[in-house]
Amino acid sequence: MATEAFVKPVVPNGHDGYEDEDEDDIPLVFKRNSNTAATTNRPSPINNAMRNSAIGSTKSSPPMRSPLTSPNRSASSSTRSSMMKPALPSSSSVQRSTLKSPLRDDRSVVAKERNGFGKAPSVSKSDDEDSEDDKPLSARLKLDSKEVTKQPSSSGRGSTQQAVQKSNMRPQGLSDYTKKKVLDERAPMSSTVQTKTSVGTSSSKPVHIEQKRPLVNNIDRNGLKPKTEGHSSQAPAKRPLEKGSSSNQSSVKRPKLSEPARPVKVEQGSHISATQDAKGKNLDASKPLRANQATVKEDNSDGDDHVPIASRMKSDSSNNKSSSAKPSSSKMIASSSRTIAQKPNKWVKDSKYSKSSKSLPSGDGQKKWKTLQHNGVIFPPPYKRHGVKILFQGKPVDLTPEQEEVATMFAVMRETEYYKKPKFRENFWNDWRKLLGKNHMIKSLDDCDFTPIYEWYMQEKETKKQMTAEEKRIVKEEKLKQEEKYMWAVLDGVRERIGNFRVEPPGLFRGRGEHPKMGKLKKRIRPCDITINIGKEAPIPECPIPGERWKEVKHDNTVTWLAFWSDPINPKEFKYVFLAASSSLKGQSDKEKYEKARKLHNHIGSIRAAYTKDFNNKDVTKRQIAVATYLIDKLALRAGNEKDDDEADTVGCCTLKVGNVECIPPNKLKFDFLGKDSIQYVNTVEVEPLVYKAIGQFQAGKSKTDDLFDELDTSKLNTHLKELMAGLTAKVFRTYNASITLDLMLSKETRDGDVPEKVVVYQQANKEVAIICNHQRTVSKSHGAQVEKLAVKIEELREQIKELNIDLDRAKKGRTPLMGSDGKRKRNLTPEALEKKIMQTQGKIEKMERDMQTKEDMKTVALGTSKINYMDPRITVAWCKRHDVPIEKIFNKSLLAKFAWAMDVDPEFRFCSSTDE
């Protein structure tokens, strides 16, 4: 897990300078809720006459209904019940019933069904027959099992033969299909319940019909199976669909389950397990279970990271062939993945994760969860005073703890570029002066010397570096112990990891580029600033700071955030606590995002034809919408929003100024503006002649500071995009263009070769996507040193090759090698060994030259953003499988957990293949 005590505050168009932390170092542990309720249905006592008249309605009650029951069963059962007489309770009636007419058989079947789960009538009953109605079904099942066993029989097969004969009795005058349907309806309900509940249940454990079990599989997002609470159960992908009944069940039911398995029976068993929810209610079989969608292959060891996914899949498939009765895990995963691609489950719409927003989150009306429990957030430790004084005009100055804390924030930034920026210093002084007060002796920031505090800070930093490994381990364990309970939430009975559970510490805002608020003080967030969202039945998290309380506690299950507070720099924005990127909700949201982008592929032709047609539209608004849509499609521009005066002056498509676009004849446009996060966007592109003409018309008669699209704003553009396709936004265009570019380039450029060469092909494709999305970064300070170091190593290897060639010539002539450059005598090698060594050294040189070129090409390109947010991970996984590239060469540990849902994709997956409309 992360060792940094702070979480990076995320602010649009700005950041606070803290580095991103890896929040997913600890494997996910999913545990089922052990407090399952095993409820026993107790029928109310009624007399025999009333039972015969109420058989149809009794069988249709939800707790007793089998998923295999025909829709017409209630009607047919009530019709038959009107013709029947009460069944005799004697033991002889059980034996004679198999020799009577079909009508007699109907009566015996109804008598069986009236007694509960299709159990046989007991041999003898007491006079007070209604007294057994007060007993639990499980007790009556045990009693009947004992009584049936005591029946006179020449062998133990007597009861078995009776049950088989009863199940084979068919009413006359019915078609084959109807006979088969009736036989399925008359199957003992206990066998159906056993087939359903035996999955994942120990055979020595009594079966509870309404045992609550979360639908989400307890599968670690890194692909490892966690430990489960309570009794161990079978692995979900390896469970047989049919199993022998529990030892506590009646032996009369055994023949039904011991009959040879038929294809129909297997399908029914699968249907039962797939269409029952945690309470035994029927679900729509057409909707895939989200638990199985994110299932990852279980690894038996940690040492196979170097093995390509395709090879691991082959190994799994060969192992699965050993058992014909157990369905293949890989096939089940693949089928569920294909189902998801065709009809994604709309489980969650909120795709924001640890981001700021200008509006309070509102749900879409759909319930995202049933139960939610967590422990709130963890606050940074209170400030500890160090007592080091700053100098004002050469004299030491005493400061209060609050004043000293802010002064220290400024002093530690002495070696950064912000320290000398006028805007940064101005904003800092304005906020610090308020804490100093009007009568304080410090009157000017320029007369202050923060060197003493900076030197103290560097000493503390050096002291931490000198700590032993044991001391660092103790500190890390203590930090983990304090944070452990805040890392996890329980969502619908499943333990999920929380993403940003730390409240950001106070500090000085930095921002990106020339942000107008850089240097302003970010005040300390307190519990009274935070709103908690939690389940109604869950205990409210205890406030960690004594004497304080939460601002508000909500129970809104239509949203996915756990807590939020106002941003201390931009009060109009809010910061949220969400589940981690590897959680089931976030994974489902990512999957829906990429499926929506794939859906755009089916509409892109008509959309492009529509906006091309409107390039000549007489309506200026429609013409501007058409040109803006063209730019968003071709250049992957963001839509853009109006900015306040105190916000960074960044630009999107709708907010372009006349001065941001230059027309270069005959049909080129040069764009130059500040994009998101104040990153400069400079690009010269060739456009359609009609677009070039329209841009010139939009610029006519305007100054450089006027809006280029004066008749258009973001709301109008978004409304138009949603008319073209449901849910279409500028971000969907960016996701589509990024993913399809990656897919096409990987398919076109990949050639046979070793893994490093294929990785370079992937990085080049990733670079093209990053350029399209304008994902840039500043050149690293260590870039020059790294390249120089590689160049020195390459030169050393070339000198080695020269020496090896000399030794090779001498070896061929039978001479001993010369002395080495270090003055030592070399080994006397054969010419073959020397040639092999030369080839190996040449390979090292080629690899280093390739690495050096890659570093040079990627020095200003940020590959991570597009990989995390815009490129469909299934493209990468499928490519790795097709070309035997270990996925660990492309995705780091955090991305492997985030994209666990994509790991079972088919190797032939293509992003541009057709999807459902």
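Note: Cβ is positioned from N, Cα and C throughout, glycine not excepted.
Here Swiss-Prot flags 1-368 as region 'Disordered'.
The compositional bias 'Polar residues' annotation in Swiss-Prot covers 32-63 (among others).
Under the heading compositional bias 'Low complexity', Swiss-Prot lists 66-82 (among others).
Under the heading compositional bias 'Polar residues', Swiss-Prot lists 89-100 (among others).
For 102-116 (among others), the entry in Swiss-Prot reads compositional bias 'Basic and acidic residues'.
Here Swiss-Prot flags 134-149 (among others) as compositional bias 'Basic and acidic residues'.
Residues or ranges marked as compositional bias 'Polar residues' by Swiss-Prot: 150-170 (among others).
As annotated by Swiss-Prot, compositional bias 'Basic and acidic residues' applies to 177-187 (among others).
Annotation source Swiss-Prot lists compositional bias 'Polar residues' at 189-205 (among others).
Marked as compositional bias 'Basic and acidic residues' by Swiss-Prot: 256-265 (among others).
Taken from Swiss-Prot, the feature compositional bias 'Basic and acidic residues' covers 296-307 (among others).
The phosphoserine feature in Swiss-Prot is assigned to Ser301; the stated evidence is a large-scale study or a structure entry.
As annotated by Swiss-Prot, compositional bias 'Low complexity' applies to 316-338 (among others).
The Cβ of Lys464 (site 'Interaction with DNA') lies under 8 Å from the Cβ of no residue that sits 6+ residues away along the same chain. Look at Lys464 (site 'Interaction with DNA'): DSSP puts it in a helix. If you look up Swiss-Prot, you'll see Lys464 (among others) marked as site 'Interaction with DNA'.
Look at Swiss-Prot and you will find Arg512 (among others) tagged as site 'Interaction with DNA', backed by similarity to another entry. Secondary structure from DSSP puts Arg512 (site 'Interaction with DNA') in coil. All chains included, 19 other C-beta atoms sit within 10 angstroms of the C-beta of Arg512 (site 'Interaction with DNA').
Secondary structure from DSSP puts Trp561 (site 'Interaction with DNA') in coil. Summarising the annotation, Swiss-Prot assigns site 'Interaction with DNA' to Trp561 (among others) and lists similarity to another entry as the type of evidence.
Ranking the recorded sites Thr650, Asn718 by how many other Cβ atoms lie within 10 angstroms of each Cβ puts Asn718 at the bottom.
Between the alpha carbons (Cα) of Asn718 (site 'Interaction with DNA') and Lys593 (site 'Interaction with DNA') lies a span of roughly 17 Å. The two recorded residues, His775 (site 'Interaction with DNA') and Lys793 (site 'Interaction with DNA'), show a Cα separation of 31 Å.
In terms of Cα spacing, the recorded positions Arg512, Thr650, Tyr870 that come within 10 Å of Lys676 (site 'Interaction with DNA') are Arg512, Thr650.
Note on proximity: among Arg512, Trp561, Lys593, Lys793, Tyr870, the recorded positions of the record, the Cα nearest Thr650 (site 'Interaction with DNA') is that of Arg512. Candidate recorded positions: Arg512, Trp561, Lys793, Tyr870. Nearest to Lys593 (site 'Interaction with DNA') by Cα distance: Tyr870.
Remark: of the recorded sites Lys593, Lys676, His775, Lys793, the most isolated position is Lys793 (fewest other Cβ atoms within 10 Å of its Cβ). Note: the Cα of Arg512 (site 'Interaction with DNA') and the Cα of Lys793 (site 'Interaction with DNA') are spaced 36 Å from each other.
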